[in-house]
Amino acid sequence: RFIAKPCALGLKVQANGPQKAQPNAILEKVFTAITKHPDEKRLEGLSKQLDWDVRSIQRWFRQRRNQEKPSTLTKFCESMWRFTFYLYVFTYGVRFLRKTPWLWNTRQCWNGYPYQPLMPDLHYYYIVELSFYWSLMFSQFIDIKRKDFGIMFTHHIVTVTLITFSYVTNLTRVGTLTLCLHDAADVVLEAAKMANYCKCQKLSDLLFLTFAIVFIVSRLGIYPLWVLNTTLFELYEALGNFPALWVFNVLLVILQILHCFWSYLIVKAAYKAISKGKVAKDDRSDIESSSDEEETVPRSKTLHSTITANGTGGANGTNGYLTGGTCSEEH
């Protein structure tokens, strides 16, 4: 409110929201109780009932759907807040891990386990990350519901469970590696989204392609070779079999499955960015086109793609991530 909004206005981010539909009790009842996307038969019935032409009714529904979507200013402020947090917590994580032996040798994660002291810096790192992901999970229910709601909610559940479980079982050393690794791509994602909202297209494209590279390298390369390798193999070699090992690894593997899904969507978005010369927009929250001709195309024949995330997101972000043909978000 006091920092992001003035910055957005200074960067000439559009402050006005979408055009509001004129009040109409009959159409409002259909919109809220029956469908937000009426078919041709329902449109013809409403046209006769209201004595409106079909295009006017289509336009009303389009404007009414757009009313429920956040303005560009709101999205910029959200991205700036997330960018600030991710940048801070990633910087903190790097500074903390530089001083630890397990950053350079992952076998040190299990040295002396479970009798490893909980350092104040590590405790602070965990509590800040956990509180942030709790806030993301709850805010999904009060924010505008986006198309990637299900997968992002699954991601937040897995993340919160992983952080809590690793804290309770004192698997915090490898937890700090996982947290820091995931925050790296989210910083670039939120920066790309802010550039897009400011209409700096070339900068947005560059940042998005950078995000795609960082995401894929960190989530499909470093994460399995660095984190999963030590939890699946080095942990078993050092301590043998115990119940927490399997629970922890199942959650980490689920996270890797989500990484593969998001990477596929991000690669598609990156391909479109290269082939068309610009990054596709985030379909989760963009305003619908004002062209009446678009409404005449059957919805079943239109291609739907989403970016996001942070998050990835996201991509998305995603945390959403840019998903589908564009990236999701709000990982």
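The backbone N, Cα and C atoms fix where each Cβ goes, glycine too.
Listed features, source TrEMBL:
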- 29-72: DNA-binding region (DNA_BIND)
- 318-331: compositional bias 'Low complexity' (COMPBIAS)
- 27-71: domain 'Homeobox' (DOMAIN)
- 74-275: domain 'TLC' (DOMAIN)
- 285-331: region 'Disordered' (REGION)
- 124-142: transmembrane segment (TRANSMEM)
- 206-226: transmembrane segment (TRANSMEM)
- 246-267: transmembrane segment (TRANSMEM)
Please work out the helix, strand and coil residue numbers for the DNA-binding region (29-72) from the DSSP assignment.
31 helix, 0 strand, 13 coil
Integer mean pLDDT for the DNA-binding region (29-72):
85
